[in-house]
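Novice: Pulled from TrEMBL, these are the listed features:
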TRANSMEM  12-33  transmembrane segment
TRANSMEM  60-79  transmembrane segment
TRANSMEM  100-119  transmembrane segment
TRANSMEM  139-158  transmembrane segment
TRANSMEM  165-185  transmembrane segment
TRANSMEM  191-208  transmembrane segment
TRANSMEM  250-273  transmembrane segment
TRANSMEM  279-296  transmembrane segment
TRANSMEM  308-333  transmembrane segment
TRANSMEM  353-376  transmembrane segment
TRANSMEM  388-407  transmembrane segment
TRANSMEM  413-435  transmembrane segment
Amino acid sequence: MISKLLDLKTSTISQGAFLLALSALLSSILGVARDRLLASGFGAGPELDVYFAAFRIPDFLYNLLILGGVSAVFLPLFAEYMERNSKEAWRFVNNLLHTVAVTMGVFAFVVAVFTPLIVELVVPGFSAQQKELMTSLVRLMLLSPILFGISSVFSGVLQYSSKFLWYALAPVVYNIGIIGGIVFLAPSLGIFGVGIGVVAGAFFHMLIQVPSVLRSGFSWKPVLDIKDPGIQKAFRLALPRTIGGAAYHFNLVLMTAFASLFATGSLTAFAFADRFQQIPFGLIAVPFALSAFPVLSRLAAVKDKEQFIATLLGALKKIGLLALPVSLFLFFFRTPLVELILHKGKFSLEDVQLTASLLGIFALGIVFQSLIPLLIRAFYSLQDTKTPTFVSVATVAFNILLALFLISKGESIVALPLSLVVSGILQFALLLLLLRVKIASSFKNA
């Protein structure tokens, strides 16, 4: 029974997307429970502001170096290796695994050394006590991107093998780890206990995938060769995406800095509203994009233009049809939804109203935001990381300028989600336009 579960594969994009969506639903339910516990235990106050701000720094490191770079190029390269020689493919996996672990460890150490300076730059509006607490919390949570880096390589193997079950359960156990920290450690350790839960969750995220990865053909080998052609190609392909990821996540850090300048609790309300709008993103956009990515990569590798376009359009239509009603629901029922989930303990009605108003703005851009991950992965499947990077940098610059303009005109915290929504719509339009050009050039000899 266990071996069958470890070897379970999905045969179509819809099956893979359904499994990922089901897991995302479970993870979202746990995420709602996590946020309810955080809201009731800490309220929209200084400690929770510190937690959300501290979370941005290790999250920035992981998204910059791994999610934005390595994860974007792993599947197409691994697919190429598997087409030629499976032994070389598994050597590439081992080499990349160790390269990622060492790289993340070095960067985490450097960030830990300079954390006090980084905190001063990221949250200029915080008090000295908040900054001191944030420094300790960041240093603790810097363990998580190292674990996530290793986990991301395992995730790539499972995605290629269409073994989405254990990959899909990884974020579930991650949330369980955080909830454990809130319930069992926060009463005695405060917000620091939540940070320990984050690290524990990251470890479980990695660990749960290991058995299925081993069943896929992986066996650990002590390989570390950064001069290997496969690693060099991965670096070359990842660099543009890393730059684009840097722009996007720098944007999020800057939004955090802006939020720290407003009244206490504004950052927490902004973070909760963002998490609400991320739920449909995780339930719809990410499952379809991740499930379609290996299929698009294989079709691009064999130059099947007709099937590539059909697969892409089919997935885009399904995402749009699912995202639209969710967007409307969140917009019209934002206040009762936020009140139902977060209004408990120290989270007041004023906190509910602020969070709901921010969520209403976020809801306007959900459809466009949901289509972006699939468009980006279509570029990745064609081994083009430069174009989405250019688009990302351009739209991030636009977002920052728009946010500064709105703030200068006296807008409150609502300036931040508004600028993010407008820039997201612009990003979608540019990606769609440029992808048509890329498909025409990539398959011109097909």
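Glycine residues also receive a Cβ, built from the backbone N, Cα and C atoms like all the rest.
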Novice: When each of 191-208, 250-273, 279-296 is checked against the transmembrane segment (388-407) for Cβ pairs under 8 Å, which one has the most?
Specialist: 250-273
Novice: Hey, which bits of the same chain come close to the transmembrane segment (413-435), Cβ under 8 Å, at least six residues off its ends?
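Specialist: Those are 255, 258-259, 262, 266, 269-270, 273-274, 354, 357-358, 361-362, 364-365, 368-369, 371-372, 375-376, 378-379, 387-388, 391-392, 394-396, 398-400, 402-403, 406-407, in sequence order.
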Novice: So which residues does the transmembrane segment (250-273) touch in its own chain, when a touch means Cβ under 8 Å and the partner is 6 or more beyond its ends?
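Specialist: For the transmembrane segment (250-273), the sequence-distant neighbours (Cβ-Cβ under 8 Å, at least 6 residues beyond its ends) are 35, 39, 43-46, 48-49, 52-53, 56-57, 60, 121-126, 338, 342, 351, 354-356, 358-359, 362, 396, 399-400, 403, 407, 412-413, 415-417, 420.
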Novice: Could you pull out which residues elsewhere in the chain have a CB under 8 Å from any CB of the transmembrane segment (165-185), counting only those six or more residues past its ends?
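Specialist: Apart from its flanks, the transmembrane segment (165-185) reaches 5-6, 8, 19-20, 22-24, 26-27, 30-31, 33-34, 37-38, 41, 151, 154-155, 158-159, 192-206, 208-209, 211-212.
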